[in-house]
Every structure is written in structure tokens, then in C-alpha cells.
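Listed in TrEMBL:
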DOMAIN    B:104-312  domain 'ABC transmembrane type-1'
TRANSMEM  B:43-64  transmembrane segment
TRANSMEM  B:108-130  transmembrane segment
TRANSMEM  B:142-163  transmembrane segment
TRANSMEM  B:175-198  transmembrane segment
TRANSMEM  B:219-244  transmembrane segment
TRANSMEM  B:295-312  transmembrane segment
């Protein structure tokens, strides 16, 4: 009896020690999370319900409830329009980027001489797709796709698609290079994904007489669903912090305006965040459903 | 008579057979046995990839070609890609305008220090999440995912206040300390990469090391971290490049003394013309005179990471394939 109790105690101590090691390993992250994420998040949420006036050595808060959020839609005549336009654009850009990078990664996954050279070129965007260099290129109109002007496609699109839809489509076409340049990481993720499909599956299906076309639809695509969803999520987050994003520009401008201030700016940022969050949840839900229907719990 | 007829028949048969074999061989060569070994497929692949590669490289060409143009070439519409004279003046202007040596040192200090630290901290956190038992792991994983989604714009103002209280503004510490605390640039993504990687490692390794009496710290640093070399390389490279290109955070936190390259590029117009930024944008619009120096500056900025990439590219691609970024 005594021995078992002692043993039990020893086991408990061992387990606690194990837990301790685990906590020790995530300690830096935990401190960082509290200090640099949790507190600022709570603070900014608090700010968004206040009119924040910078005063000497800090801020003065006047609680105004939901006034900031109301102002964003009622008083502000720039924000709602920009928001709707940008979301519209993103809804087109996300599928375009996800599908485009899937196709490119399929091509790059074939074995042919000189593949590494092409791979190197296609990963290049990862290096400078972020940041000021791209913005600078855009301000000089170097981001345009050359065919668009050469063949004068703009009026064609306008007459066929209709004014309402032509605008976002044209702006996507104008940013084709951005679409290309923002698919670097996605291509990488897809290529990593292909390596998880065992070669023997392809051999088996070929012996069964399936054409490559079949094997793409029956093997490759279903196996890629989790990666497609991962890429969709990554793309959303990535576009969200796009350097040319007009909404964030507006938020930033409002921060330093005396009549609107930090409180209003954070309210705008929270509205934006909420929309993106809904979008992300929607994508997650969609992909979860599609994987569940197939009946394997990936 | 009969023999001749039989002969003719057989000859026709053989001919037809040979012909069909030949046709088949041509067909095989053209279409291939699998998708990609016929030459039609191959030409298609090369064609598509070349067009796309051209689109990818075009801005790069634009940067390099504009960089060498002098004013005459810039204003002359007949000069498109190849300038008439190679003008190195732009490069010099950009070098001085960016204050290149100093800005370069600033940027590389931040990028190198932060990405090395980030590799260690993210590996530790990812390892704990993948291998070590402790209660509350699910919550921690969820919170990490959440940090990936929180846009920097929401928390930038409180962070600014926190950093200014701590006196970190305008020093590289403003990025190094968050990196130490696992909150560097896109650290959530890196933690998840490491977690996925360590999950694929067999548990027997740890058991063996533990039986031999290795402590957890030793196990991690001596066995697990060297195993994760490929993941480390991928994380390091991504992190380095993202720190290098980062613009939004430095534009808030580093405004006075400690300017990195990306901020200097943004201020190049002011430096070159001696006018305030808003004025330049409003009055001069896209100023053709500063176009070439700006592109030269852009080239100076992307050149170092490009060099790093060229050297590490081979391992990078392999590493990506091996890290098993698997869900």
C-alpha cells in the first residue's frame, strides 16, 4: 500500500516535471502573447468605444459607446465605399490566386530538364513581393500586364461584362502582376503538398487504366483539398495586409487627424478585421464541409 | 502466279504493320506515355512556363533598364528597354539619397538578429506543441492561429504606446524584443511549420535520448534542432526576407534615427528634391526625373536578398519539400 502510494507520488512528480518542461518551452511565447497581443488587443477594443484625445503624457478617453462604429458608416463618405470596393476585388483575387498557383505548381511538379531554373524564377516573388519596392513599381505603372494595352482589351471587357462588374475585373487585370507576385508562397505550399501523395497511388491508378486526366481529378485534387484551404486562408491574410490597400491607408490617415483620432481609427480597423474574420470562417467552414462529405477526417 | 499474289499480300501486310508501328511511335513521341514525356506536352509546358516567367521577370527587367537611363532616354518614347547610354549617375544618386551604407547596416542588423532569434524561439514553441505533454495545448495552438490573423493595424497604437513607455522606439530593440518573445513577423506561421515538422519525427528518438540520460534542453538543442535543419533554413530565409522588406511597422516605430532601407526609399523623393513628401506627391505627381534614381534605389534594396536567395535557393526548395508543411 505504502509502496504504491509512493510510486503514485513519484509518477505525479514526474508528470508535473514534464508539464513544467513544456511550459518552460512556451514561456517566451506566452509572455509575448500577453504583452504584445492580448493587452494591445483589449486596449484597442476599449479605444474603439471611446473618443481618444491625446493629452499630456497619455490619452484622455471619453466613452461614446458605438458612436465610432456608427460614424464609420453614416458620417464617413470614404470608408464604406472603399471597403466594399476592396472586398469585391478581394473576392475575385482570392480564387484567381489560389487557382493560378495550383496550375503553376502542377506544371512545376512535372519533371523536365531545367525545372530548377523555372522553380527559382517562380519563387522569386517570395523575395520582394512584400514591401516598398512593389509600391514604387506600381506608382510607375510597371505592374501592368503588357497585353492589356497592346490589344486594347479594356473596351471589349466593358462591353461584354457590363459596367458594374467591369470595374473590379479591370482592376484585377491591372494588377495581374500582383496576382502573379502574390502567389509565390502558395506555389511553395502546393509543391510541398504534392510530396505527401505517395507515388505508388499514381502507379496503381495507371495500371488500372486511368488517363493522367483522370488521375488528376481522382487523386491529386482530392488530396490537395487541405492545401487549397490552407492557401485560401493564407491568401486572405496576405491580401489583408497588402501594401496598396486603400482601406488600411484610410485607417492610417484617420489616426493622425485631430477630429477623428485613434478611437475612430481603431473602430475602422475592427470593422475591417470583423469582415475578414467572417470571410475566413466562411472559407474554413466550406472546406471542412467538403472534406467531411468525402468521408475522410483530414 | 499464286506465289506472287501471296508475296504481294504479305508484303502489303508487313508494310501496313511497319507503317502502323511507325505511326504509333510518332504518336508516342508526340503525346507520350504519361502526361509529360511527349514533346507536345513538353513544348506546352515550356511555352506556358516561359510566358509566365517573362511576366515574373518583367518588373525586374524594368528596374534594371530604368536604372541605367539618363533623362534623355527616359523622356524619349522610342527607348523602351535598352538605354542608349549606360548612366551610372542614378546609382550614385540613389546610394547617397538612401544613405545606403548606414541604412543597409540598420536593415541587416534588424533582419539578421530577428530572424536568427525567431528560428530558435519558434522552433522551441513548435517543439513544445508537437512533442511535450502539458495541459492547455489546444488553447495555445488556437491562440497562435489567432495571432496569425490579427492584423498589425489593430494593435499598432497600443504597441506604440507600450514601446514608447519602454523607451524602445527608434532602436532596433523594438523588433528584437518581440522576436525574443515569439511575436516577430508572422511568427505564428513559423511556429506552425516547426510544429508540423517535429510531428513527423518518430518518438523513439526522444525515448532513446531520454534513456541515455539527456535532459530536455539537451535533447532539444543537440538532437531535435539539428534534425530540423531544413525547416530552420526555410524559416530563416522567409523571416530574413520579410524583415528586410517590412515597411508598415518601421514606418511607425522607426521614424527618426534608425532608418531601414524601406523607409529611406519612401523618403527618397523628399531627399532628392528637398521638398516635403505631401508636396511632391500633390504637385509633381509621378515625377519623371526621380523615376530612374528610384529604380536604382529599388535595385539596391532587392539586390542583397537576391544574392542570398541565389546561394541558398537549392537547399531552400529542397527544404520546403522536406519540412512536411502538412495539415
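Each residue, glycine too, has its Cβ placed from N, Cα and C.
If you look at the transmembrane segment (B:295-312) against the transmembrane segment (B:142-163), you find fewer than three C-beta pairs under 8 angstroms, all six or more positions apart, and that falls short of contact. Within its own chain, the transmembrane segment (B:108-130) is flanked in space by residues 137, 140-141, 144, 172, 175-176, 179-182, 184-185, 187, 190-199, 220, 224-225, 228, 231-232, 235-236, 239-240, 243-244, 260, 304, which lie at least six positions past its ends and keep a Cβ under 8 Å from the stretch. Using a Cβ-Cβ cut-off under 8 Å and counting only residues 6 or more beyond its ends in the same chain, the transmembrane segment (B:142-163) has close neighbours at 125, 129, 169, 174, 183, 186-189, 191-192, 248-249, 252-253. Same-chain residues lying 6 or more positions outside the transmembrane segment (B:175-198) and placing a CB less than 8 Å from one of its CB atoms are 110, 113-115, 117-119, 121-123, 125-127, 129-131, 141, 144-145, 147-148, 168, 224, 228, 231, 234-235, 238-239, 242-243, 246, 249, 253, 323-326.
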